[in-house]
Amino acid sequence: MSNLSDIRREYTLGGLHREELPDNPMVLFEKWIEQIRDSEILPDPTAMSVATVDAEGQPFQRIVLLKRFDDNGFVFFTNLASRKAEQIAHNNKVSLLFPWHALERQVAVTGVAEQLSTTEVLKYFVTRPKESQIAAWVSKQSSKISARQALESKFAEMKAKFSQGEVPLPKFWGGYRVRPSSIEFWQGGEYRLHDRFLYSRKDSSLKEGGWDIDRLAP
């Protein structure tokens, strides 16, 4: 077994101060995601880990791309027959993590996932490249397959089927909006004295009210 205990580095890019924080965490999130995108350090700056829990209480994570965010929450799209969708149907409490370590930052979100309307899903689906639209029809996400060749054969079949005209939206393809109940911003600090600030909803409905802001020990 490898010993990784000697792998470490100092965090030197700067701190996060209470007086700099906006009242609305989405304002800070927008600033941070623009900075990581503009830095061009990460090839997928919108990549986030989505954690869900199954009926037995077993958590599971996967990387998903954030497609939209606003004061109502964070939006992503997926196959509605996938493991994540099945787990959300059982328990819609989820967490998101944006690991922007290149800027010595991370953002952790907790909240509830709400399924998007067909209108919202279609509005995004039509913007996808045609090959990606076809791929949505091909993959029964999270199911077992015999070999990659089976997937490629199905893709070729569906590509021929949809060679003319628009690709329709599959009924089993959709999206979710995660309405946040808390958002934590983490900025690396020297000597492991990191800065952590937690925004928590004042209103239990998750849809109204302001935010409490607390500094957390690193």
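Keep in mind that glycine also has a Cβ here, set from the backbone N, Cα and C atoms.
The annotation substrate binding site is assigned in Swiss-Prot to Arg8, Arg9, Glu10, Tyr11, Lys67, Tyr124, Arg128, Ser132, Arg192, Leu193, His194 on the grounds of sequence analysis. Sequence-distant neighbours of Glu10 (substrate binding site) (same chain, six or more apart, CB under 8 Å from its CB) are Glu190, Tyr191, listed in sequence order. In the three-state DSSP reading, Glu10 (substrate binding site) counts as coil.
Applying an 8 A CB threshold to same-chain residues 6+ apart, the list for Arg62 (FMN binding site) reads Ser49, Val50, Lys84. According to Swiss-Prot, the feature FMN binding site maps to 62-67, 77-78, 83-84, Gln106, 141-142, Trp186, Arg196.
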Between the Cα atoms of Leu66 (FMN binding site) and Arg8 (substrate binding site), what distance do you get, rounded to the nearest Å? 29
Longest inter-residue Cα distance for the substrate binders Arg8, Arg9, Glu10, Tyr11, Lys67, Tyr124, Arg128, Ser132, Arg192, Leu193, His194, rounded to the nearest angstrom, is 44
CA-CA, which of the binding-site residues Arg8, Arg128, His194 lies nearest Gln106 (FMN binding site)? His194
Arg192 (substrate binding site) and Val64 (FMN binding site), compared by Cα position, are separated in whole Å by 29
Going by DSSP, give the three-state secondary structure for Leu66 (FMN binding site). coil
Site of maximum Cβ density within 10 Å, from binding-site residues Lys67, Arg128, Arg196: Arg196
